[in-house]
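For reference, TrEMBL has these:
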| type | residues | note |
| --- | --- | --- |
| BINDING | 103, 104, 126, 161, 162, 216 | FMN binding site |
| DOMAIN | 55-178 | domain 'Pyridoxamine 5'-phosphate oxidase N-terminal' |
| DOMAIN | 193-234 | domain 'Pyridoxine 5'-phosphate oxidase dimerisation C-terminal' |
| REGION | 1-20 | region 'Disordered' |
Ligand SMILES: Cc1cc2nc3c(=O)[nH]c(=O)nc-3n(C[C@H](O)[C@H](O)[C@H](O)COP(=O)(O)O)c2cc1C
């Protein structure tokens, strides 16, 4: 029986895989007292409930409750997902901003539909939003950037998002130049930076339950613009 370097490497890989699986099984979920959600008390419109849940997640100590997964798809329907910040949620929809020239920006141009997912572990809650995405005009996009930190302007000025980066040194150079420009010119235009608004046609609220009797309440927008609600099996 051989016990050469290939066998040793394989044994090392198997042990790492076992340790990884043990770790996954040992990680707790909702190791905390979860709030109760009674869907009978839910409002007619999903927006106030979303705002309430985000506020409660923040109060319960959820870290960065205003970050969300944003899923888009390319023209052939191939999906992609990433994290972005929520800039607002109002009667127009859920607002986020990015470069129009990035992968997600190009995908939204080809197929202006997206899905969002929020997960707030401190309260065992998830919200899913899906709908149609509209790009705001240049003035509103620039105004949105203007409300954010100077660091956000500098980051946006770097540009080239989703393009191949030849070397990290190149990013350092571009970032230094962008910081300097953001400081000198706080109103500097960033042509590709775009505010997007997702107008929802479906919003689902999920409240985790320790006994796994999770509550799923889904709002769907009808042709008249009114919302209907239904419960879903978890
Ligand atoms: C917490 C967090 C917040 C982020 N917020 C944004 C954002 O608001 N806008 C943005 O363009 N990218 C944001 N990013 C970076 C994106 O996740 C992603 O890497 C980038 O937008 C490129 O995505 P794309 O190549 O799919 O277009 C954030 C990343 C993290 C981890």
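Count begins at 1; order follows the chain as displayed.
Note that Cβ sites are derived from N, Cα and C of the backbone, with glycine treated the same way.
Automatic prediction, not curation, is the source of TrEMBL annotations.
Since this is a predicted model, take the numbers as computed values, not measurements.
With 103, 104, 126, 161, 162, 216 listed as the residues that bind FMN, the site has a largest C-alpha separation of 36 Å.
Each of the binding-site residues 126, 161, 162 was scored by the number of other CB atoms within 10 A of its CB, and the lowest score belongs to 162. Counting every protein chain shown, 16 other Cβ atoms lie within 10 Å of the Cβ of residue 103 (FMN binding site). Close to ligand 1, meaning a Cβ under 6 Å from one of its atoms, are these of the binding-site residues 103, 104, 126, 162, 216: 103, 104, 162.
It is 216, among the binding-site residues 104, 216, whose Cβ has the fewest other Cβ atoms within 10 Å in the structure shown. Over the domain 'Pyridoxamine 5'-phosphate oxidase N-terminal' (55-178) the predicted model carries a mean pLDDT of 96. Residue 216 (FMN binding site) falls within a strand when secondary structure is assigned with DSSP.
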